[in-house]
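Below is one structure; the comments refer to it alone.
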Amino acid sequence: TINDETVELVQPYFEMEDYTLQHGKKVCGNVAGLLSWTQAMVVFYGVNREVLPLKANLAKQEGRLKVANAEKEKAQAELDEKQAELDKVQAKFDAAMKEKMDLENDAETCKRKMQAASALIDGLSGEKVRWTQQSKEFKSQIKRLVGDVLLCTGFLSYCGPFNQDFRNLLLKDLWETELRAHKIPFSDDLNLISMLVDQPTISEWNLQGLPGDHLSIQNGIIVTKASRYPLLVDPQTQGKAWVKNKEQDNELQVNSVLKEWCALHI
């Protein structure tokens, strides 16, 4: 119930010199308490006058805070809901991007394969003519195969004892003439060496000591391909050295008596 008027009425008493706690105690303790209480009430009124608006404002702000918190909770709920939707959409987006990357990788792989296939097709297109020609050559070679095999078997069976000139006489002048007479097809440029042995084998023979001339290679073919055991007339011992080197891994055993007998008769 204190107001500004009450404070104004008691204000002259506060200005008196003897209106203090010490002077009140000299008169009576109760008077001293009354003096102290009135001063305290005035001070309280002054403080309370400033505090009340703050309290009112506090209550008002607390109300606003409550409303704001409610709105915040509502907004947070909406945010959580939207975040959940965003997470779902993000998951779909990530899956779509992964699928996109997989498709791009597959497309790139397919593109590389197509480029490689195109390059291969372009590269093989030039081979078509050669393959066609080679196919025709194979057909012609198959037709000539009977005569070529006949010449090769004749060479293995009968040309061993003779020198190069007589071998050519048998092959070119006699046997090929007979084949033509009997209309047996054969290759005019038949190469007996390439027909009966491949080049790596010849190279291996050379490393083992066999000379590289045609006669020596033909003799090597007869030694390795003929069905009967060959007899080597070998005054320079080149054939013996080649046979020993060739059969070294097969534990070839050389008979010294036969060796001396061969040397005497050669």
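From the backbone N, Cα and C atoms, a Cβ is placed for every residue, glycine too.
Database features (TrEMBL):
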COILED    58-120  coiled coil
DOMAIN    2-176  domain 'Dynein heavy chain coiled coil stalk'
DOMAIN    204-258  domain 'Dynein heavy chain ATP-binding dynein motor region'
For the domain 'Dynein heavy chain ATP-binding dynein motor region' (204-258), residues assigned helix / strand / coil by DSSP:
31 helix, 0 strand, 24 coil
Per-region confidence, the coiled coil (58-120) (mean pLDDT, whole number):
91
